[in-house]
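Visitor: Provided herewith is a single structure, encoded as structure tokens, for subsequent inquiry.
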Ligand SMILES: NC(=O)C1=CN([C@@H]2O[C@H](COP(=O)(O)OP(=O)(O)OC[C@H]3O[C@@H](n4cnc5c(N)ncnc54)[C@H](OP(=O)(O)O)[C@@H]3O)[C@@H](O)[C@H]2O)[C@@H](O)CC1
Ligand SMILES: [K+]
């Protein structure tokens, strides 16, 4: 498991060391040395060009100045531009003593540089870049699209170290060098702005055990543990049965995609609850599926999937059946908002139920929760109003946690970085580089994968933790898209579905 902590916790961890009477500045020296080493290595790709160091007023700027001092000693051509209300005194002195050059922001010529060290703001930042720093970063941003590499010190400046919220303008980094441990932005909403993350140890890492990670990432061996692999004595019922209540006359495609995705995970059987004319379509596309027209309560399944493309009264009843069932339910699309009503009438769900909203659906859920279950809302969120979609997108970690706490369910909040929150406060994230995934139907495929994997786990005596299965489903979803032309071209939902068996085979190794 790879863990990330809030900037606040890392500052708390450092505090006793840096405030000790005997403190000799060694933590910053180690941090700056690590930054210098990575900068020197990255510069090999831009040999013969100058290095520009953007220096803010705090210790992040201090790291930048000390790193620049090392680079000067190695003979690199370095310029620094001071962008804070002041600069780290000793760092600036060392830089000047080494012959370091300070340039005026107005005379900055971006074309002279091959590498930028972004040391404007680190864990002490409040809000986005101000004034001159914002102007300079805006100018450089257009240039970095062309040819300049960027190395961020600790976090890309303008990114919130506690939440990962992005306050533009931010210089997207090719490499982020951080200290002690990853911070929230490195595994959350700002992850795609961080580039490759390198952690420099400062010798006080054992104190991390006193802090809870804010967000974690499963490694491949942990994902594999959530995958149920059949043995020679398995049969269709030991492999799990998923009951699917998705799609409608209006949205038959959601039924086809979620059902095929579920079948392609290797689940023992799929039982599909028919509305309208869906049976013939389902059986033409996936003849493996058993369709039923009777009440879902009469079906024996290990997990339910409901909500994707679900409109009309029959499907509304189906969503309620899934919510009331003792088996875990994957609650997608329309079922997400319906869950708010359900929770206010019946109390919280079990953790093994999974809500799978995108930010817009989560906004709707939270608006309903704040209106229908005000006392619970107040206990969890306080006086704050329900967030807008944009606010959720800027702090998905927080709002996924809130939704999980309010509903009792596991919440999988979809995005380029997907957040999976459990009611115990733990959050996993999954990064996807398959940006072509953001198309209609893609969510139906994810819900189908999740239904198949949860049903397979539920058929075991020891199912994997729900959040782990949810993370596995997101990874398989993203990898299935990447298998289609390496993710470099369009990946329609139908193409993703076809790649699921191969993505699973690759994952199992
Ligand atoms: N602790 C340690 O020993 C170690 C720390 N390390 C390093 O130190 C970094 C943390 O340093 P830090 O605490 O000085 O905070 P940092 O982010 O550099 O700057 C904060 C200053 O900027 C200002 N400011 C704030 N918001 C602003 C804004 N929006 N726009 C513009 N200005 C803004 C504000 O000053 P103000 O101008 O408001 O008076 C404030 O004083 C950490 O990320 C790591 O790199 C490593 O060396 C390892 C050892
Ligand atoms: K920075």
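Any Cβ shown, glycine's included, is placed from N, Cα and C.
Okay, these came from TrEMBL:
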type	residues	note
DOMAIN	6-210	domain 'YjeF N-terminal'
BINDING	59-63, 122-128, 154, 254, 309, 358, 444	(6S)-NADPHX binding site
BINDING	60, 118, 157	K(+) binding site
DOMAIN	219-507	domain 'YjeF C-terminal'
BINDING	414, 415, 416, 417, 418, 443	AMP binding site
Visitor: For residue 118 (K(+) binding site), name the DSSP secondary structure in the helix/strand/coil scheme.
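Guide: Note: residue 118 (K(+) binding site) is in a strand by DSSP.
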Visitor: Would you mind ranking the binding-site residues 358, 414 by how many other Cβ atoms sit within 10 Å of each Cβ and giving me the lowest?
Guide: 358
Visitor: Among the binding-site residues 60, 62, 123, 126, 157, 358, report those whose Cα falls within 10 Å of that of residue 443 (AMP binding site); none is a fine answer.
Guide: 358
Visitor: Hey, what's the widest CA-to-CA gap across 414, 415, 416, 417, 418, 443, the AMP contacts in the record, in Å?
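Guide: Per the listed residues, the maximum Cα distance equals 14 Å.
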Visitor: Same-chain residues six or more away whose CB lies under 8 A from the CB of residue 417 (AMP binding site)?
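Guide: In sequence order, the residues whose Cβ lies under 8 Å from that of residue 417 (AMP binding site) (at least 6 apart) are 187, 188, 189, 191, 192, 396, 429, 430, 431, 432.
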Visitor: Within the set 60, 118, 418, which binding-site residues show a CB-to-ligand 2 distance under 6 A?
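Guide: Among the binding-site residues listed, those whose Cβ sits under 6 Å from ligand 2 are 60, 118.
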Visitor: If you measure residue 62 ((6S)-NADPHX binding site) to residue 118 (K(+) binding site) at Cα, how many Å is it?
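Guide: Cα of residue 62 ((6S)-NADPHX binding site) to Cα of residue 118 (K(+) binding site) measures 12 Å after rounding.
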Visitor: How long is the line from the C-alpha of residue 154 ((6S)-NADPHX binding site) to the C-alpha of residue 60 (K(+) binding site), rounded to the nearest angstrom?
Guide: 8
Visitor: So which of the binding-site residues 59, 60, 123, 154, 358, 418 sit close to ligand 1, that is, with a CB under 6 Å from an atom of it?
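Guide: The ones that qualify, in sequence order, are 59, 60, 123, 154.
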Visitor: Please report the DSSP secondary structure of residue 443 (AMP binding site), reduced to three states.
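Guide: SS state of residue 443 (AMP binding site) = helix.
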Visitor: Take the mean position of the Cβ atoms of 60, 118, 157, the recorded K(+) site. Which other residues of that chain put their Cβ within 8 Å of it?
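Guide: Checked against the 8 Å cutoff, the neighbours are 54, 56, 61, 64, 119, 120, 121, 122, 152, 153, 154, 155, 156.
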Visitor: Using residue 358 ((6S)-NADPHX binding site) as the reference point, find which of the binding-site residues 118, 157, 414, 416, 418 has the shortest Cα-to-Cα distance to it.
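Guide: Going through 118, 157, 414, 416, 418 one by one, the closest to residue 358 ((6S)-NADPHX binding site) is 414.
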Visitor: Can you grab the distance from residue 418 (AMP binding site) over to residue 157 (K(+) binding site)? Cα atoms, rounded to a whole Å.
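Guide: The Cα atom of residue 418 (AMP binding site) is 23 Å away from the Cα atom of residue 157 (K(+) binding site).
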